[in-house]
Amino acid sequence: MTKPSPKATTPTSDSPAQGGCPFGHGSEASGGASSTPASTSANATQWHDAQLDFSKSMSYGDYLSLDPILNAQHPRSTDHNEMLFIIQHQTSELWMKLALYELQAARAAVHNDELPPAFKMLARVSRILEQLVQAWSVLATMTPSEYSSMRPSLGSSSGFQSYQYRILEFMLGNKNAAMLGPHSHRPDLYQQVEAALNAPSFYDEVVRLLARRGFAIAPERLERDWTKPTPHDTTVEAAWLEVYRNPSQHWELYEMAEELVDLEDAFRQWRFRHVTTVERIIGFKQGTGGTNGAPYLRKMLDVVLFPELWHVRTLL
């Protein structure tokens, strides 16, 4: 008696098809064809039609230069929490680099009366600041005792010495020549920060825009000392008051005003989360950079970047 042939095995939802994909993509089973050397070779370099071999082409890691980035963390202690502290600040510096890139381009666009691109760039900077605000929540997982055990590794280094943050402050109008000091040991960085101090801020460029649009801005405001903080000017306030009272007649300027308020709002939130995180972790100890820590940061909460745009709301 002839023995019956074994039944063919049918893949089920619980058994992945050939090729390792549970949905049968790239499988030879459905066509009934057996694997050939050519198909085996193809399977070794592709999966779901994705390229798998990057020996002769640029990979994701190559494009992003991930090797130097992911090997740039060098804790100076064996404390587990130091890695968090380093990455928190490194990622913040990367976001600040993008914020400066966008602000510089937006300032050039305003100078050339190209406002729609500037609006997009300003909106992006505001969203970057939101990312920076949320980042404090990660650092806040570090307790006072955890920070105290790794703090000696910081020496005198402090975020107060961030040259990118100082350029950002200067570009937004909070100028202070004394803040060049922490960068005097690095002539290359000093030159960049000094250039930002001596240049018109983003808001200064917007005030020039108001004048070009026909508003009577005081000459001394248009050609002031750029190394000084942004002053409250009555002629600038009068211009914004007109814009807010008749937005349909000055729509681009109205949109610019709201983008600037949105930007400063986000910047204030970043500062607030900074000081509350510092208070949560170190209380009112002196900062590693020599400042008095939280009290210094709280004083910075009173800085107003675009004064007329905030005061005009009281006048409407």
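Using N, Cα and C of the backbone, Cβ positions are placed for all residues, glycine too.
Feature annotations, reproduced from TrEMBL:
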- 1-17: compositional bias 'Low complexity' (COMPBIAS)
- 1-44: region 'Disordered' (REGION)
- 26-44: compositional bias 'Low complexity' (COMPBIAS)
- Phe85, Ile86, Ile87, Gln88, His89, Tyr147, Arg151, Thr288: substrate binding site (BINDING)
- His274: heme binding site (BINDING)
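Cα separation, His89 (substrate binding site) to His274 (heme binding site), rounded: 12 Å.
Note: the CA-CA distance between Ile86 (substrate binding site) and His274 (heme binding site) rounds to 16 Å.
In the three-state DSSP classification, His89 (substrate binding site) falls within a helix. Sequence-distant neighbours of Tyr147 (substrate binding site): residues of the same chain at least 6 apart with a C-beta under 8 Å from its C-beta are Asn81, Phe85, Ile281, Ile282.
Here the C-alpha separation of Gln88 (substrate binding site) and His274 (heme binding site) works out to 12 Å. Candidate binding-site residues: His89, His274. Fewest other C-beta atoms within 10 angstroms, His89. On the backbone, the CA of the residue listed as 'heme binding site' and the CA of Ile87 (substrate binding site) stand 16 Å apart.
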